[in-house]
């Protein structure tokens, strides 16, 4: 009798994706984050669904409905804390996942990489509209500041901003539509994840050496299912530690106050995972220039495959490129720190220098490091 998982039309898809999938034998723990992102997505959809059952998307009751969830709903505090901190874990895994792709040259699978960038943008959009829903001070003013950036677009900007708001300012209509967007986007993300995996399984996974691994493959199960389970254990442990012991440590204290359009907080800032882009936005004194820099900081990922100049795929054997990569990582951490500071010296100049270095590293220094490696390989030692 033939095995059901190899004959049943539905089981066959699961089998080819997670059980009998030929995987490179040498992929490291950095390859765990793809599956962890899948788990994060499931956690966010489930906790979000239960929150949506009790949340009301009205300016008068949104804030109190979130308080009601935490006080009166059975384990509502836990669901809310898991959802809020789950977003932080999601972005942590996401940035590591992108960083791994950048380091090991996975971006040369262009379709997979491009869908990944679209996924990143969609997740960022989802997180932004989700942050507005509790209708606290930072929710309201964050929504006002970021959506107001649309008005920087010449000619159609103001009309576009008012179209998004559903009025002349962020109000009831904005909150209602943001809730609708926040509900539908995770399902769009799920569809994009399937497309992402479809393209990945066309070429197969990359590996740390960057060499074609076709001659040495092992089945995904049990080797990588066990490895992923270990990663999952660490993820859940970290998430539960965050959600149970310090659930508000990554949030903003201003969000404990209900939204008040007449009182502007002294320092408007988004969640920590957007601070690097926010710092780049603020580093340019011109509104339109800042918006373009903000977009470029993310969309630059789309041109990375065309900036690859080295003969070797991975950075594993390219020490100069490795050094630049870790400088870029440190630079992004610096930008994240600057994004959370007040707009005053010395933070302004640090932010401007870090923003210049960010684009300089990706557009100029890293391609030059690849060419330098090619030149060194050609020398007869």
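Using the three backbone atoms N, Cα and C, a Cβ is placed for every residue, glycine included.
What Swiss-Prot annotates here:
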BINDING   83, 182  heme b b562 binding site
BINDING   97, 196  heme b b566 binding site
BINDING   201  ubiquinone binding site
TRANSMEM  33-53  transmembrane segment
TRANSMEM  77-98  transmembrane segment
TRANSMEM  113-133  transmembrane segment
TRANSMEM  178-198  transmembrane segment
TRANSMEM  226-246  transmembrane segment
TRANSMEM  288-308  transmembrane segment
TRANSMEM  320-340  transmembrane segment
TRANSMEM  347-367  transmembrane segment
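Locations of recorded Swiss-Prot features on the structure.
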residue	record	Cβ contacts under 8 Å, 6 or more apart
83	heme b b562 binding site	44, 47, 48, 51
97	heme b b566 binding site	33, 34, 37
182	heme b b562 binding site	48, 126, 129, 130, 133
196	heme b b566 binding site	112, 115, 116, 119
201	ubiquinone binding site	16, 17, 21
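Taken residue by residue with DSSP, residue 201 (ubiquinone binding site) is part of a helix. In this chain, the transmembrane segment (320-340) lies close to the transmembrane segment (347-367): three or more C-beta pairs between them fall below 8 angstroms, excluding pairs fewer than 6 positions apart.
Within its own chain, the transmembrane segment (178-198) has Cβ neighbours under 8 Å at 17, 38, 41, 44-45, 48, 52, 55, 57, 112, 115-116, 118-119, 122-123, 125-126, 129-130, 132-133, 143, counting only residues six or more beyond its boundaries.
Residues 55, 57, 62, 66, 87, 90-91, 94, 98, 101, 106-107, 139-140, 142-143, 146, 174-175, 178-179, 181-182, 185-186, 188-189, 192-193, 195-196, 199, 270-271, 273-274, 298-299, 301-302, 304-305 of the same chain sit 6 or more residues outside the transmembrane segment (113-133) yet have a Cβ under 8 Å from a Cβ within it.
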